[in-house]
Each structure stands twice: as structure tokens, then as C-alpha cells.
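Colleague: Got a structure for you, written out below as C-alpha cells; questions coming shortly.
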Amino acid sequence: MSVPRPGGPSATRRSRAADRTAPALRPVAWAGGSIRLLDQTLLPDRLADLEIHRVDDLIAAIRRLAVRGAPALGIAGAYGVALAIVQAAREGWDGSTFTAAVGRLRAARPTAVALAQGVDAAYARIDDGLDAVVAVGGALADADERANRAIGRHGADWILARLGDRPLRVLTHCNTGALATAAWGTALGIIRELHARGRVELVYVDETRPLLQGSRLTAWELAQAGIDYRVQVDGAAASAIVGGLVDVAIVGADRIAANGDVANKIGTLGVALACAHAGVPFVVAASASTIDEESAGSAAMTIEQRPDDEVLLVAGRRVAPPGARAHNPAFDVTPAGLVDALITEQGARLPASPFTR
Ligand code: MRU
């Protein structure tokens, strides 16, 4: 293991040109004493890594969405505990400094259940040493990739059984691909699987305001995969669905309550409501670990509120009048009754609440 020099290296950036054609894009990796993140804020213009040596730099990277997407956050959280062990040894932390750093990391973003799960799973192994903690991150990544491949197969099976074995027009929201997971993706994993079976005609990609995970990240992943797509503003989703342009909507989830309510990127609820109106299947894809039995329903889920400037500035330029304030929730909650199928690695399951249709 290469431990960074005492004195404290800061986060550094390195181009990832050599990985451009790699079949599996991995947004988070343990780099033997540090964490390597693919800096998603630079995509699609630049493919560059961040080398993270301090827990608070990891927290900052999580908050500004350099690493994002629920499963990727879980893996980053587990490796973050390993990073805390390395930093503690380097800087001579006492126990309370260590615990506080891990607590800050666990709370860096509150909605995705995976971040706290990843931190907790790694923290449970700290008495077994650094290698055991690092192994938790690796095991989470392996399990997530396996789950995503199974989600892809189950989701494609369910959708083609429901809609008939034909090329489909799919709508998706936010980014649920390899960038958001260990590899492959959840909702985007189903789209990849449908594409592999020759069953994707076109993907409508919601741009996903305000941080554009759809137009920057999903569009980039679809282009890499050779899947035909159109980027649309979020406000176009309802009319595309109600107007008959969409056969199925497939989205991911950050946390699923015990009653089947789904927290996901802001704008997901509008997609679900339009699908319910139009009779278009609304499919949620997520690993079974996303189901949080401790959240009874939407009221128990904390929705992250993001800074005003993400809404009030466009491409760095203020577009709202001086003094304007923003309403900027990062996620919304879709009631279980609007979900036609929840696809996990275990198969398709119907949400716990009764269907409205
Ligand atoms: O704010 P983000 O980009 O982290 O939000 C991500 C999403 O909402 C995804 O849909 C969700 O995490 C599922 S990723 C497989």
C-alpha cells in the first residue's frame, strides 16, 4: 500500500485518456491509500480523475457531485472509512477526530440510503484493519455490478413481456448508468440490455435540471454505447409521454421506503404522474439494498436541499433578478401507487401499496 507523504497531499487531477475505451467505466476506486474518483462535474468535456487523500476532500467531492448516484456513493462511503484510517495514521488523529470525520462523511448527502449503508458496513470492520475495510468497498462494488446485470435482464424481460417483443421508445430521467453505480447501471442497465436484444428504438433523455445529469452524463453514456437518444428539457417529458412518443419510462432510486414510495432525482414524480395519466408503464430499477425498511414512507425520507445558485445561475451567469431566492430540492418522492414495477436483482416486484390502475 502506498501511503501519501506526511504533510498532507491535496486532491489532484489526472487525465483518464487511457481508459476511454475501457469496457467497464468505474467511477470510484481504491488507489492504495487514496481514493480515485472520475470527476463527473467535468463530463462530457473531460475524462479526468480526482485523487482524494483527505476525508473532507471526499465530502466536498460528494457535495459538489464529482461522485454521485446512490450506489457509487455507497462505495465511496466505504472507501471513505478506509481513507479515514489512512489519514488518521498520517496525521495522528485521536478516536473522537476519527469518529467525527466518519460521521461527517455519512451525512454528506442525506437522501441516498447507500451512502450511510456503505459507511456503516465499512465502520463495522475497523477493528479488523485497513485491508478488511477496503475489502468492504470492493465487495460492495462487486455486488452492485452483479445486481445491475441482473436488474438489466429482469427489467428487459418484464418490459418486453408487458409491451410485446418489439423496439421501444424509452424515457429516462437523471443518470443511472455506470457513472452512478459500480458499473453498468440500473435503469440504464435495463436500457443497455434492451439495446443488446435489439429492442431500443430511441431513448428520450430528460436533461435533469439543474445539474444536467441527463444531458451531460446519460447522453454521454448512451453515445458511448451506440444507443440512439434525444435530449429534452424536463418540461418536455409530460407532453412526450401523454403525446404517445414514449412506450415505457425507466428511472432509478435513491431510497425506497418500506411502503414502496420512491425517492429519486427531482422531476421523477412528474414523469410518473404523466405515465399514470397516459397508461405508460413507469418502471423503477434499483438494487434490493435501496429498500429502506426503516423509512415507513415519504415522511421518513430526508430530501436534500441544494444551494440556490444551482437554479439561479445558468452556465455560471445569473439569470434571475437580483435578490431572487430558489427552491432547490435534489429529489422528490413518487408514491408507490404510481410505480408499475420495481425491478431489483431478485426480479420484478410490485410495490407494497395497492395500484391505482
Ligand atoms: O443527485 P444525484 O445525481 O446523485 O442523483 C442521482 C439519482 O437520482 C439517481 O437516479 C439515483 O441515485 C439512482 S443511480 C443508479
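Each Cβ is built from the backbone N, Cα and C atoms, and glycine gets one as well.
Found this in TrEMBL, in case it helps:
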REGION    1-20  region 'Disordered'
BINDING   Arg68, Gly69, Ala70, Arg109, Gln213, Asn264, Lys265  substrate binding site
SITE      Cys174  site 'Transition state stabilizer'
ACT_SITE  Asp254  active site, proton donor
Colleague: Just to be sure I understand the contacts, which recorded positions have a Cβ under 6 angstroms from any atom of ligand 1? Candidates are Arg109, Cys174, Gln213, Asp254.
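Modeller: The qualifying recorded positions are Cys174, Gln213, Asp254.
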Colleague: If you run the three-state DSSP split on Asn264 (substrate binding site), which class comes out?
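Modeller: Reduced to three states, the DSSP call for Asn264 (substrate binding site) is strand.
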Colleague: Could you measure the widest C-alpha to C-alpha distance across Arg68, Gly69, Ala70, Arg109, Gln213, Asn264, Lys265, the residues recorded as binding substrate, and give it to a whole number of angstrom?
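Modeller: Farthest Cα pair among residues binding substrate: 17 Å.
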Colleague: At a 10 A cut-off on CB-CB distances, which of the binding-site residues Gln213, Asn264 has the highest count?
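Modeller: Counting Cβ neighbours within 10 Å, the top one is Asn264.
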Colleague: Quick one: pull the CA-CA distance for Cys174 (site 'Transition state stabilizer') versus Gln213 (substrate binding site), whole Å only.
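Modeller: Just about 5 Å between their Cα atoms.
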Colleague: Can you name every residue in this chain, apart from Arg68, Gly69, Ala70, Arg109, Gln213, Asn264, Lys265, with its Cβ inside 8 Å of the center of the Cβ atoms of the recorded substrate site?
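Modeller: Result: Leu73, Ala112, Cys174, Asn175, Ala180, Gly252, Asp254, Ala330, Phe331.
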Colleague: Where does Gln213 (substrate binding site) sit in the DSSP three-state scheme?
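Modeller: Going by the DSSP assignment, Gln213 (substrate binding site) falls within a helical segment, counted as helix.
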Colleague: What count of other C-beta atoms do you get within 10 angstroms of the C-beta of Arg109 (substrate binding site), across all chains shown?
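Modeller: I get 23 for this one.
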